[in-house]
Amino acid sequence: MKRFLKTLLALFIVFCSVTPLQNHHVSHAAQSKSTYRYVDKKIVLKYKTIKKQDPNLPVGKTSVRVNGKNGYTIKVYRQTIKNGKITATTYIKTRKTVQPINKIILVGTKKAAVTKPRTVTSSVYNYGIDPKYRDDRYDANTLDANHGYAPGQTTYNGDKVINLEMVTNGNLVNMSRENDYAKYQKASDKRLENKVLVDRRGKRFILNLSANQRAINGFNNNEFFNMRKFNDELIRLINIERRAKGIQPIAYRSFLQEGANVRANELAGYGSIFVNGKAHVRLNGAGYKTAFSPSIQSKVNGENTLLNVYFGNPYSIVSEKYIAKQCFEQWKGSAGHYRNMMYPYYKGIATSVKLGRGDGTFSIYVANQNFSFE
């Protein structure tokens with residue numbers, strides 16, 4: 001009996017070990033895996049336009065004080081990819097943010113002052129040098145660098161010429177045709193100044209040559225000096241300074257040129273930028289704006305004037321680049337004049353420079369600069 005039971009148990013074990021499981025299925029296929037990648041997303045931050053009232057700007061005028069500029073932010077996201085598809089996107093961090101710069105527009109609130117009409121007794125088109133500054137005592141009809149000086153002659157103020165010290169010779173028109181850089185370099189060289197030895201009431205003096213009337217007329221009529229080239233160079237220097245201060249550049253305005261010419265010419269002929277001790281007035285005492293045509297007087301805002309001396313170097317009056325540099329530096333050195341050149345609301349400018357006889361010892365040149373909000 002025991003043997004039978006052992007045999008039966010053995011058969012049962014064998015049977016169980018070889019019978020497959022009928023009710024469970026196990027898949028041996030590879031399970032799919034998730035991968036990740038990190039991406040940057042740039043988001044534009046748009047600037048706003050802000051308007052501010054400006055009591056110094058006339059009513060109806062606007063000026064862009066600050067140009068707007070969009071900013072941006074860069075955000076990092078993690079993408080979950082499964083079976084070749086993005087199944088999830090998760091924000092991780094912000095990598096960089098550049099804030100936008102808002103555009104600021106100034107809106108004028110300054111009301112125009114009400115003034116009574118003023119009678120102007122002289123014409124605004126008064127070109128030319130006053131006859132009392134003309135010189136007929138020596139050869140004034142030459143454009144040579146010696147300005148007509150010669151030993152034995154007497155100048156218009158009574159000086160008797162003993163001798164000339166000429167280090168720079170030539171014709172002013174021919175000199176003006178040299179390249180701009182060469183002219184500027186020579187104009188800046190004080191060693192090239194021509195001088196004259198004179199007898200003045202028994203005393204001898206060495207003086208710098210003074211420009212003769214023919215040279216004055218030639219300069220003032222643009223025979224050997226280009227007024228537009230002078231303006232372009234001066235504006236270039238001004239705009240370098242304005243950009244360095246974050247100020248919008250200023251541009252040449254031809255409608256200002258004629259009035260600026262009148263102002264420079266009359267003051268050069270007068271021999272001073274102060275008329276009876278007053279600045280920024282005409283020879284008849286009227287305001288400087290009357291030098292401009294009535295139709296544009298309302299567009300003229302601000303005036304700079306200066307007086308400088310011609311020291312006998314002929315290249316200094318044929319180099320537009322040199323005189324522009326002299327004017328810029330002289331005005332820059334004066335707080336009020338510099339403020340005009342840097343005033344952010346001025347958009348237009350024109351400058352004129354004219355030669356004059358001066359005090360008889362030195363010739364002078366006068367520069368006049370006018371501005372506009374347009």
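Note: Cβ is positioned from N, Cα and C throughout, glycine not excepted.
Copied over from TrEMBL, here are the features:
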SIGNAL    1-22  signal peptide
DOMAIN    31-111  domain 'G5'
PLDDT averaged over the residues of the domain 'G5' (31-111): 86
DSSP residue counts for the domain 'G5' (31-111), split into helix, strand and coil: 0 helix, 63 strand, 18 coil
